[in-house]
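A short worksheet on the structure shown next.
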Amino acid sequence: MKTTARYLSKKKFLLKTILTSKVKSTIDRYKKCRFWLTKGLLRVANNWKETAPSARGQTSTAGIEGMFLGLDENRDLLVKRLNAGQDLYPNCDTSIWLRNCTRDIPTPVQGIIKGKIPEWLSGSLLRNGPGSTQVGSYEFKHIFDSSALLHRFAFKNGTVTYQCRFLESNTYKKNKAAQRIVITEFGTRACPDPCNTIFHRFSNVFKWGDNQSDNAMISIYPIGDEYFAFTEYPIMIKIDPTTLETLTTIDIGCLTGIVHHTAHPHVAADGAVFNLATVPKIDGPHYCVVKFPRVDSETGYRYSTDEMFGRMCIVATIKCRWPLHPGYMHSFGMTEHYFVVVEQPLSISLSTAVVNRFKGDPLSSALKWFQDCPTLIHLISRSDGKTVKTFKSDAFFYLHIINQYEEDNHIVIDICCYRDPSMIDCMFVEALQNLNKNPDYAAMFRSRPLRFVLPVNCHNPTSGDVENDHLYVSPEKLCDLGCETPRINEFNIGKKYRFFYAISSDVDAENPGTLIKVDTYNKTCKTWCEQNVYPSEPIFVSLPDAEDEDEGVVLSSIIWGGSECENQAGVIVLDAKSWTEIGRAVFVTQSPVPKCLHGWYAAAV
């Protein structure tokens, strides 16, 4: 028995030595890969620097960077105010993101109506977003990691009710049971598990679905007759739009090999759903447009939601420009004839992501920004899935595309653009807590809505990039206000439009809690704000039998700043045409209500 025990012990030690050696060599190979890839990207950047001026015929400050000149307050003045003990952004209360809901409201509660709620409004404003940054005595490090909280404002006969409920994802249930953070999120490392040895971590590197967060806290979209909560991991969680109960989880990654998809799919007029996904292939990662068909093209038969998932297919594919650095995608565009993929130079370093997975580190540190590399805009044919043309622009970061449409042999695409992805860092909990101590915070969060006009059939061999034939395009500014979470009249998605609606992203504005209506024809805008009120994403609801694009109302959930108002929620109704308040409903809650992100108006629900 002793001989056997010694033999097994020796074998175990040998196996441990071999696996440790393999792990070390694997990490070394990834580091070498990253080193040589970085050198290659630097060459790309240098080439871009050389060709861009001749392509543009202008200095670099005249491009996207020039759009932001003069917008930031003098930093020296901000530092002086900081040294004098003054708040740098006294009008902005970031605590609205850090509130922790401690009690669900599963049963609808009646609100106090101020003004008048249109009686023709009959449906539910569904919302999704951060619900709590805490699990037991532990705290998430980034707002995007917070436990998802669903909200419902139900409109009927001039009245409004409110309810909220945590999305009971597998991640939420595991965290709640353990009273600690057990799964690593975008910006938060999981608490150490004493049972998770080096061998477990090594094996988990190759099991991308295991220990992956399904905290779908970004958006809500309909697929068929059902509603789903979305995140960027290829998970969709079906919810009951009336009770907000969590129903079933759909893992589309298992069906197609998708490792990432955007949180903003497109719902076509016939009910088909399209989304942009990243799929690894033998020659590197590809961006693929995935379709969930709603109607049989031959018989006209309308598929159920389950049948839509069963008939999911890839309809377009384009290879990522960097094999080990696929671009980060949060949204994409779709017109009558084209898919529009905007490939920004914010990438996910696959080598870093693999090492992070082994070490248990969050994905956020795998994001790499290449300021001197261009943003590429790919037009892909919807008829055959092939790339028609690729354009390039100065580097910019974006989360949300406003809209895109075809006009006179051009594609027009409007995007909420940032100079770089610093705003992601602004959403770390520590950064939000120290807002008034950071003289760079407002500049980091600065965005502007920009319009790019892409000539589809234009060929310009002197464009400055003969090798790739990527025509340089320079945008125009649609308005001089920071805009985020943009929405339009849903009937105009992919078509020529005039108006979009957004919330302010200027934290140093006189009132950061501002709702904005932008007229893209006249490049003018209207604003609505109220002291200490913070609206969320504005959602347009068309008036029955409306003739004008802006004939209807805009709904926005609201909360109030300050600790004395944290147990309060509301919804405001604006006349979309005049941009004036029609009415609102205010609700007193039993626990704090944080600011939410995205949602959907579900008619007749």
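Just so you know, glycine gets a Cβ as well, placed from its N, Cα and C.
All annotation found in TrEMBL is predicted automatically rather than curated by experts.
The Fe cation binding site feature in TrEMBL is assigned to H264, H330, H400, H598.
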Which chain neighbours of the Fe cation site, leaving out H264, H330, H400, H598, have a Cβ atom within 8 Å of the mean position of the site's Cβ atoms? I218, S219, T262, A263, S331, L399, T485
Measure the Cβ-based neighbour count of H598 (Fe cation binding site), defined as the other Cβ atoms within 10 Å of its Cβ. 23
Which same-chain residues, if any, lie at least 6 apart from H264 (Fe cation binding site) yet have Cβ under 8 Å of it: S219, Y221, F230, H330, S331, F332, H400, H598
Check the binding-site residues H330, H400 for other C-beta atoms within 10 angstroms of each C-beta and report the one with the most. H400
